[in-house]
């Protein structure tokens, strides 16, 4: 009697509010791909947004799509042209893989390629499933002292690393991080690891600010009904001078305004959080003080640095994980994330290994 084929249980969004656990066929890797047995996948705000609204901006769910892009797993099969990986390797997955070598790839900014494959961004499937295939060049071996969960958290950490690179964070900088959600916290971690001397984190939530303090914020500032200018003054008071760098992770108009007012003349503000399409900001104030305003879109060339940070214990992402669920309870996990009950909710995809 033949052994039963393993199931490929997958979490699939069909449209706004329609989330299902379904069995998909186990994919066959192409020549430059690897088949992975998934282990840990974090829930991102974008996953919840696609479930709730069926779209993010111009990216619309038009057909069933597997969610998940913060992920790690184990190689179980390699394509014919893959040489750097073999079955048994533990890997972290970079979800954005170029489909072609276009002008952006040639200059190393493949995250800007309009044709890039990106997990769980329509129409591309993600990896919240038992088995998943991916471009082998965007799967990175994990050192023995880096856990699967840490490997999955390289994705959000990469957002923080890319933001800090775009902002030019360097030794001795004073940094303002607006927002103490997962992206604000990884930006804090990245800034400290890259040499920031002092970091202040702002948020509305006392509990989130408490977590920011736990993971390394030098100062925290709870926002209530202050004006942007008043917030900027408080930030300056905490740091002793204006921060050279502001990392704006909320996308909220008043927070962006406060960030511009707070940033030191000649400094840089990076926009990580995305809010309304049109936003009113004190542009003349920024221009006359030469405050550079830069956009941040995902990341590029960050996985090797992130792995080194984790392996050397320069950053500790473990406190970010507050809840864990097996894949079979993914719907409950998403409800937990939607209600804001957890900071980072992790789904364990391997029924035989639920360890971090």
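Note that Cβ sites are derived from N, Cα and C of the backbone, with glycine treated the same way.
When 161, 183, 231 are compared with the NAD(+) site residues 203, 208, 272, 273, 274, 296, 297, 298 in Swiss-Prot, the one appearing in that site is 183. Zn(2+) binding, as stated in Swiss-Prot, involves 69, 70; the candidate among 44, 105 given for that site is 44. Straight-line distance linking the Cα atoms of residue 183 (NAD(+) binding site) and residue 44 (Zn(2+) binding site), rounded to a whole number, equals 10 Å. A separation of roughly 16 Å, to the nearest angstrom, links the Cα atoms of residue 44 (Zn(2+) binding site) and residue 208 (NAD(+) binding site).
Counting only residues at least six positions away in the same chain, the Cβ atoms of 44, 46, 47, 93, 95, 118, 119, 120, 121, 126, 127, 155 sit under 8 Å from the Cβ of residue 69 (Zn(2+) binding site). Using residue 70 (Zn(2+) binding site) as the reference Cα, a 10 A cut-off selects none from the recorded positions 50, 208, 210, 224, 298, 299. Here the candidates are the recorded positions 208, 224, 273, and by Cα distance the one nearest residue 299 (substrate binding site) turns out to be 273. Taken residue by residue with DSSP, residue 298 (substrate binding site) is part of neither helix nor strand, so it is coil.
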